[in-house]
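Participant: Mind looking over this structure? Questions follow.
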Amino acid sequence: MSVDTSVRLPGMPVKNPVMTASGTFGYGLEFAPYGDLRSLGGIVVKGLSLAPRLGNPMPRIAETPCGMLNAIGLQNCGVEKFLRDKLPRLPWRETPIIANLYACDADEFAELAGVLSAEEGVAALEVNISCPNVKAGGIAFGQDPCMAGKLAEAVKKRAGDKPVWVKLSPNVTDIVSIARAAVLGGADALTCINTLTGMSVDIRSRKPRLANVIGGLSGPAIKPVALRAVWQVCQAVSAPVIGVGGISSAEDVLEFILVGAHAVQIGTANFMRPDMAFRIAERLPQLMAELGIEDLASYRGSLRVG
């Protein structure tokens, strides 16, 4: 049986829905020894800021049951070095490269979008709205609908013809209100979800396992939360949703598409097996054929409720 794994996202058709999640796949080059980067639907590089960042002190990762905590602190080489040294070595003509943006205020986000707007090798911009807004007392952009909407608008104005994705935080009371505000502000697509806030402690040393004390929980433990969030957001907005959270198999991919996602991102599973994203992309068409799914468009959002 012949199947069609292609997906159309705003401004870019992709060969399959399997992408990588920011912060779990480096800049893409680090994983080239484990598979063909051209086989992926998209590569979302680790968060980029205007200036290089050293990140948080060690330890920055702690294993948890069914997942992991991280407090990397968005360590990165800075956008200029990425564009000069890393982007030219990526297969951007065959696989869309999505730049994930990190900044401390809306003006900085907009400036970063402007730097990337003319780069031919960058297919889209993903905005990390879990960042604290220093001009608003440190509250995260993603925790306030008004701030989320204004940030999406500010980035969209400077993004040129680049599609803008807004990555939603699950650490909110009502993720749907944030999603709606982001779309009204100009977001072309939504990435759903970022990590959940968590912590881990050592009862013998009486110390936290992370130097930052609190970190972001990811991995299989958060998949039910991510599925619920994607389902709710897809019911509320017309913009495409990219699902992320605990995905480690082709079956997981289809679960997210079943509840409405257009595409998915593989995150923590890349630490379990560095070839995981490649394996899932290879397995997906086989699974679709086994289940009699001819194309993803007809399967998307077909969950039978009631």
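Each residue, glycine too, has its Cβ placed from N, Cα and C.
Sharing the record's features from Swiss-Prot:
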{"type": "BINDING", "residues": "Ser22, Lys46, Gly47, Asn100, Asn128, Lys167, Ile193, Gly219, Gly245, Gly246, Gly267, Thr268", "note": "FMN binding site"}
{"type": "BINDING", "residues": "Lys46, Asn70, Ala71, Ile72, Gly73, Leu74, Asn128, Asn194, Thr195", "note": "substrate binding site"}
{"type": "ACT_SITE", "residues": "Cys131", "note": "active site, nucleophile"}
Participant: Identify, in sequence order, the residues in the chain of Gly47 (FMN binding site) that are 6 or more apart from it along the sequence and have a CB within less than 8 Å of its CB; answer 'none' if there are none.
Facilitator: Ser22, Gly23, Leu74, Asn76, Asn100, Leu101, Tyr102, Asn128
Participant: Tell me, how many other CB atoms lie within 10 A of the CB of Lys46 (substrate binding site), whichever protein chain they belong to?
Facilitator: 23
Participant: When the number of other CB atoms within 10 A of each residue's CB is tallied over all shown chains, which of the binding-site residues Gly73, Gly245, Gly267 has the maximum?
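Facilitator: When each Cβ's neighbours within 10 Å are tallied, Gly245 leads.
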Participant: Taking the Cβ of Ser22 (FMN binding site) as centre, how many other Cβ atoms lie within 10 Å?
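Facilitator: Around Ser22 (FMN binding site), other Cβ atoms within 10 Å: 26.
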Participant: Just jot down the residues in the same chain as Ile193 (FMN binding site), at least 6 apart in sequence, with C-beta under 8 A of its C-beta; none if empty.
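Facilitator: The list for Ile193 (FMN binding site) reads Leu168, Ser169, Pro170, Ile175, Ile222, Val225, Ala226, Ala229, Val230, Val244, Gly245, given in order along the sequence.
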Participant: For Ala71 (substrate binding site), list the number of other Cβ atoms lying within 10 Å of its Cβ atom.
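Facilitator: I get 24 for this one.
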Participant: Can you tell me how many other Cβ atoms are located within 10 Å of the Cβ belonging to Thr195 (substrate binding site)?
Facilitator: 26
Participant: Work out how many Å separate Thr195 (substrate binding site) and the residue listed as 'active site, nucleophile' at their Cα atoms, rounded off.
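Facilitator: Between the Cα atoms of Thr195 (substrate binding site) and the residue listed as 'active site, nucleophile', the distance comes to 12 Å.
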Participant: Any idea what the Cα distance is from Cys131 (active site, nucleophile) over to Gly73 (substrate binding site), rounded to a whole Å?
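Facilitator: Taking the Cα atoms only, Cys131 (active site, nucleophile) lies 10 Å from Gly73 (substrate binding site).
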Participant: Please report how many Å separate the Cα atom of Gly267 (FMN binding site) from that of Lys46 (substrate binding site), as a whole number.
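Facilitator: Rounded to the nearest whole number, the Cα-Cα distance is 11 Å.
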Participant: For substrate, what surrounds Lys46, Asn70, Ala71, Ile72, Gly73, Leu74, Asn128, Asn194, Thr195 with a Cβ no more than 8 Å from their Cβ centroid?
Facilitator: Gly23, Gly47, Gly216
Participant: For a quick check of packing: other C-beta atoms within 10 Å of the C-beta of Asn128 (FMN binding site), how many?
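Facilitator: Result for Asn128 (FMN binding site): 24 neighbouring Cβ atoms inside 10 Å.
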